[in-house]
Amino acid sequence: MSRLLRVYVDGPHGLGKTTAASALASERGDAIYLPEPMSYWSGAGEDDLVARVYTAQHRMDRGEIDAREAAGVVLGAQLTMSTPYVALNGLIAPHIGEEPSPGNATPPDLILIFDRHPIASLLCYPLARYLTRCLPIESVLSLIALIPPTPPGTNLILGTAPAEDHLSRLVARGRPGELPDARMLRAIRYVYALLANTVKYLQSGGSWRADLGSEPPRLPLAPPEIGDPNNPGGHNTLLALIHGAGATRGCAAMTSWTLDLLADRLRSMNMFTVDYSAPPEACVAQMRNLLPSMQCTVTPKPESHRAVADAALAFMREMSNCK
């Protein structure tokens with residue numbers, strides 16, 4: 001049996017998480033870095049998936065297409081973008097095992113550093129597009145329902161940077177297909193801040209049914225920055241945002257079932273934060289210093305270590321040869 005550490009580095013695009021995560025993996029002989037499947041996203045269809053989403057938003061804003069047509073494009077793109085993550089998650093799930101007993105500080109034999117978790121394409125970015133009026137809440141609920149169960153030892157690193165610095169970084173990187181959209185950036189920062197609040201709320205024993213279920217829906221307050229130590233109430237979470245949006249569309253039962261599923265998926269995640277306003281090497285150091293606090297798992301079978309490593313390497317290989 002071996003020890004496996006899984007680290008999911010996630011957050012709004014343009015923060016510098018990819019630079020830090022890949023640098024952390026490259027300095028360790030026991031780590032595999034799994035990048036965003038950009039080659040898959042650019043080869044799965046007639047055009048780049050990222051460009052497809054931004055173009056749909058831009059054309060809808062200009063009145064060239066209506067909201068229904070834009071939603072169809074965005075829903076299809078988000079679903080396709082989630083496929084590599086969800087498929088890999090299902091492949092390695094039988095080999096993850098359980099967390100060791102408390103106090104056992106044996107270091108991991110293998111570290112997987114993922115550039116994003118499935119919730120990015122099935123929860124966070126769809127909700128941001130809902131806020132920019134490019135995706136109806138019914139479509140968001142459909143995607144949330146596809147979020148896979150959270151295995152033991154799921155470590156999620158979120159992070160933030162000042163809004164003005166974030167926008168300038170996004171403009172400077174000039175990723176193909178990506179448009180510098182300040183409104184979308186505000187929306188995705190808002191969603192990830194609410195995500196951090198949601199995990200804290202659930203892990204403190206919060207129940208959306210008790211705190212939100214009997215009250216009129218309302219939009220969450222402006223959330224604090226990710227990493228705020230205060231414990232948020234239920235009204236300042238993704239659960240409140242989705243609860244309010246679903247209730248206004250007359251789909252209360254479906255919304256409730258989906259919120260139960262989402263709470264189950266998020267409650268057991270081990271969440272950490274990085275301050276990306278620091279220089280790149282300092283961001284790497286922050287991630288490095290977080291590793292000893294993370295939860296690993298003990299693989300259930302002798303062959304599990306090799307199966308997980310082979311799957312990770314195949315992910316990297318296939319994602320770069322899918323056009």
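Yeah, the Cβs are placed from backbone N, Cα and C, and that goes for glycine too.
Site annotation (Swiss-Prot, ligand ATP) includes G11, P12, H13, G14, L15, G16, K17, T18; from R116, R129, R133, R169, the additional listed residue is R169. In this structure the C-alpha atoms belonging to Y54 (substrate binding site) and H13 (ATP binding site) are separated by 13 Å. Between the C-alpha atoms of G11 (ATP binding site) and E36 (active site, proton acceptor), the distance comes to 13 Å.
Spacing of K17 (ATP binding site) relative to E36 (active site, proton acceptor) is 11 Å (Cα to Cα, whole number). Closest to R169 (ATP binding site) by Cα-Cα distance, out of the recorded positions E36, Q78, R175, is R175.
For L15 (ATP binding site) paired with E36 (active site, proton acceptor), the C-alpha to C-alpha distance reads 14 Å. Calculated from their C-alpha atoms, the gap between Q78 (substrate binding site) and H13 (ATP binding site) amounts to 15 Å. In the structure as shown, the Cβ atom of G11 (ATP binding site) sits within 10 Å of 27 other Cβ atoms.
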